[in-house]
Ligand SMILES: NC(=O)c1ccc[n+]([C@@H]2O[C@H](COP(=O)([O-])OP(=O)(O)OC[C@H]3O[C@@H](n4cnc5c(N)ncnc54)[C@H](O)[C@@H]3O)[C@@H](O)[C@H]2O)c1
């Protein structure tokens, strides 16, 4: 099931639980605006190359639209649409004054030189500069883009509109980026995990964890879980998987990777079959890599008691049903990985105020937002007797529906 179908299905289930008016339901699904732009650039060898760029602005009833820009060969309008919609519910779940958007360019960033990427980003910005803005739509990095991409967008946008650091988030610190932004998603995942475990009278200390993915989110989550006394007994990335029942030495692994080593060259743990990772015995499983990794083929064999969806859309709806029947508790992605967009919001606030927060303030505020959202999700679960996923969806959808109605929808 593709991500648009899955997201729309969860939205419809939430709309049904909330008893939303069917016309309002239909209206909330239709994006505010979708644009498709042609981006032609000279390559380094002098030949010309054309790419297609997208920006989908899904909803702005709660505030400016917010969402990443992705550079990937498989970027297509359906996927961008699903991700924009997801951002609308996600920003509402953590109660940020934002709507949702997403964008991308169908390209393979690995096959482009730095100067080609810069030209492509600048042409894309020229095509969408009058659609984005500090109070309209604020892009951020996503797959295939990074703080350098945001710096180019900021520079190009500022040529048209004057110096505007708040037009993008995830910027380099020297251009107005926020302290704590790099760690924010992984840190938010850990705060979310702590909130969930506390409900069951448990804490990270002494529990066993399995983590798929050791990139930005997975490595920060691993570092912070290790610091809190959690035992990470198996871990993987694209190069392979490893296990150690006593707990993998995460600081040693981070040092190894920091020195340019590959995860599967690390000598401090025993290599294992990557296909066995998700069904490894553990208390808590954290998918921090790809979508759709938990599906009807493997869901029945999962042994974890808790699944923390740090990646976007790691559990497909069929697996969701199988796991729920087994009593596995799933903390849903639209809440779990919202720490990134939350600190992006703090970055935007700092840029508008012209005042930089220290890292401690960023982390304290992030924890406050994650805890509050968890309490609000639990309240929805009680009201609607539903799963945490539906608790999060009903929370996000009800907030957006209320804002839409208050603005005078239907008038
Ligand atoms: N970075 C953020 O701020 C952020 C915010 C919200 C959601 N997410 C989601 O979190 C997930 C991870 O994002 P990231 O920023 O850490 O990406 P990343 O590119 O930094 O890391 C991805 C990791 O996944 C690993 N991986 C890829 N294919 C794999 C496979 N088949 N098996 C095991 N590992 C594999 C890679 O080796 C890498 O370690 C994605 O689903 C992303 O959409 C990220």
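Placed from the backbone N, Cα and C atoms, the Cβ positions cover glycine too.
Record features (TrEMBL):
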BINDING   66, 90, 344  substrate binding site
ACT_SITE  102  active site, proton donor
SITE      142  site 'Important for catalysis'
BINDING   185, 216  NAD(+) binding site
List, in sequence order, those recorded positions among 142, 185, 216 whose Cα sits within 10 Å of the Cα of residue 66 (substrate binding site).
none
How would DSSP class residue 142 (site 'Important for catalysis') in three states?
coil
Other residues with Cβ within 8 Å of the Cβ centroid of 66, 90, 344 at the substrate site?
67, 87, 91, 96, 98, 100, 140, 338, 340, 341, 342, 345
Out of 102, 142, 185, 216, point to the one nearest residue 344 (substrate binding site) in space (Cα versus Cα); all of them are recorded positions in the record.
185
As a check: which entries in 102, 142, 344, the recorded positions, place their Cβ less than 6 Å from an atom of ligand 1?
none
If I take the Cα of the residue listed as 'active site, proton donor' as reference, which of the recorded positions 90, 142, 185, 216 has the closest Cα?
142
Looking at Cβ-Cβ distances, which residues of the chain lie under 8 angstroms from residue 90 (substrate binding site) while being 6 or more apart from it?
100, 334, 335, 338, 341, 396
